Amino acid sequence: MGLRRRLLICYLGGAAPLKLTWLSVLHTVFGGSVTVGTALIYTIISDVLPKHERLAFFFQVTAATIATQFLGSLISAALMLWDPWIPMLLGLGIEFLGILALLFIPETLSYDDSSVSPTPDSTSALSTPTTLISRPSLWRKVSARAHRSLSFLTSDIRILLIVSTFHVHMLFNNRDVMLQHISARYNITLAYATALVSIRSGLAFLLCVIVLPIVNLYSRNRFGSQLSDLVLTRISAVFLSVGFLGVGLAPNLPLLIAGLVINSLSWGLFSFLRSLSTSLVEAHHVARLNSLIGVIDTAGLMVGSPLLAILFTWGMDLHGQWSGLPFLVCAGVVAILTLILTRVSV
């Protein structure tokens, strides 16, 4: 819906104020947009697949996201050489095909009846008539429902610790800041900087498609499902922190490329985290878990994106090694995340 509104305003040209494009986000009030869509994708995967196959499909979702962002940008740039309307209309057509495909997806909660075991908490929330409640205030009703919805968080401190780490997921979406940093610090064009950052995307794609499924299979056979996820999560977090540290401190392009390579080795981190957190909750709480992860992810993006922009400006003003300030801060944040993960045991 948002894309169609933006295309309509662009088609009208000067006949409509450009600020009307802000209205394109109103559809998120009713549908939730990408946050809800992502939560539903992971919930469907968790409902349909057994635990030992779930993580492999999480890797495929991550790989598809990387490929879409990487190849989509290249294809759009090439098509815009002929006409800027071609990629926009093509994107609209692909969106319609995706919506059409969604119409044929059935309910998946009871796909595996053996995995659904009603609990007193879940059944009471559905079966308790509202008439038994002596007309509590609206605030009390909302508070009670929120408490029931989030009760699975307080029942296991491990879930709370794992879910809290998803606020740093936005660090994987810092491509724009990274491009500006590389271009300014090493005095190269944005096109050249884009090519360098594409190395990270290409390696991350290969990692999710080939390397991580093999490593995961070996690790699960040796440690078991949950312990394997936890060990690989910690290793990925270390790679992410060291990679950001390398990008922030690299004095030349070869060391920068080394930092990008190390950074790419961490792209399975949030697939491992999601798999681990999903294995710790009951089946009927998976949808709530993924929705909560989406909310935390979005909140991290809202706070983190302007913060990275401010840190980039400060770093450019300080010059020298401090020009990589955003990535030094990212390295520190992920180091704290790693320490949090050391408090999780299975």
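Glycine is treated like the rest: Cβ placed from N, Cα and C.
As given in TrEMBL:
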TRANSMEM  20-45  transmembrane segment
TRANSMEM  57-79  transmembrane segment
TRANSMEM  85-105  transmembrane segment
DOMAIN    153-346  domain 'Major facilitator superfamily (MFS) profile'
TRANSMEM  192-218  transmembrane segment
TRANSMEM  230-249  transmembrane segment
TRANSMEM  255-273  transmembrane segment
TRANSMEM  294-316  transmembrane segment
TRANSMEM  322-341  transmembrane segment
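Sequence-distant contacts of the transmembrane segment (322-341) (same chain, six or more residues past either end, CB-CB distance under 8 Å): 161-162, 164-165, 168, 171, 174, 177-178, 181, 184-185, 230, 233-234, 237-238, 240-242, 244-245, 247-250, 308, 311-312, 314-316.
In this chain, the transmembrane segment (85-105) does not touch the transmembrane segment (255-273); fewer than three CB pairs sit within less than 8 A of each other, excluding pairs fewer than 6 residues apart. If you look at the transmembrane segment (230-249), the same-chain residues 6 or more away from its ends with a CB under 8 A from one of its CBs are 171, 178, 181, 215-216, 219, 223, 255-256, 258-269, 272-273, 276, 321, 324-328, 330-332, 334-335, 337-338, 341-342, 344-346. The list of residues near the transmembrane segment (192-218) in space but at least 6 beyond its ends in sequence, with Cβ under 8 angstroms from a Cβ of it, reads 55-56, 59-60, 62-63, 66-67, 69-70, 175, 178-179, 182-183, 186, 228, 232, 253, 256-257, 260-261, 263-265, 267-268, 271. Below 8 angstroms of C-beta separation, residues 41-42, 45, 49, 86-87, 90-91, 198, 201-202, 204-205, 208-209, 212-213, 216, 267-268, 270-271, 274-275 of the same chain, each at least six residues beyond the ends of the transmembrane segment (57-79), sit close to that stretch. Taking the domain 'Major facilitator superfamily (MFS) profile' (153-346) as a whole, pLDDT averages 88 in the prediction.
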